[in-house]
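Q: Have a look at this one before I ask anything.
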Amino acid sequence: AVITGACERDLQCGKGTCCAVSLWIKSVRVCTPVGTSGEDCHPASHKIPFSGQRMHHTCPCAPNLACVQTSPKKFKCLSKS
């Protein structure tokens, strides 16, 4: 099966996306939108473009947002106010 948006690196994806691990198939990476306000994020996500292979399901937050810890194991993209 051909997976639409499959990628290896960020540079293969368009603006506002990164090449993140698929939620459904861990061996596949897909172009994924950056995190918007209130979405889950990972504090260790690399900036875009990242030259290596990402290990997380989420992309970094959008430029105007920060990845903020909201509970012991949860992080969300929230505005940098």
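Positions of Cβ are set from backbone N, Cα and C atoms, glycine also.
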Q: With reference to Swiss-Prot, specify which of the listed residues C41, C59 is paired with C67 by a disulfide.
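A: Looking through C41, C59, the record in Swiss-Prot gives C41 as the partner of C67.
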Q: With reference to Swiss-Prot, which of the candidate residues C13, C59 participates in the disulphide bond with C31?
A: C13
Q: Have a look at Swiss-Prot and say which candidate in C59, C61 forms the disulphide with C77.
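A: Checking Swiss-Prot: disulfide partner of C77 resolves to C61.
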Q: Taking the Cα of C77 (disulfide bond) as the centre, which of the disulfide-bonded residues listed as C13, C19, C31, C67 lie within 10 Å of it?
A: C67
Q: Considering Cα atoms only, can you say which of C13, C31, C61, C67 is the nearest neighbour of C19 (disulfide bond) among these disulfide-bonded residues?
A: C31
Q: Quick one: Cα separation, C59 (disulfide bond) versus C41 (disulfide bond), in Å?
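A: Rounded to a whole number, the Cα-Cα distance is 7 Å.
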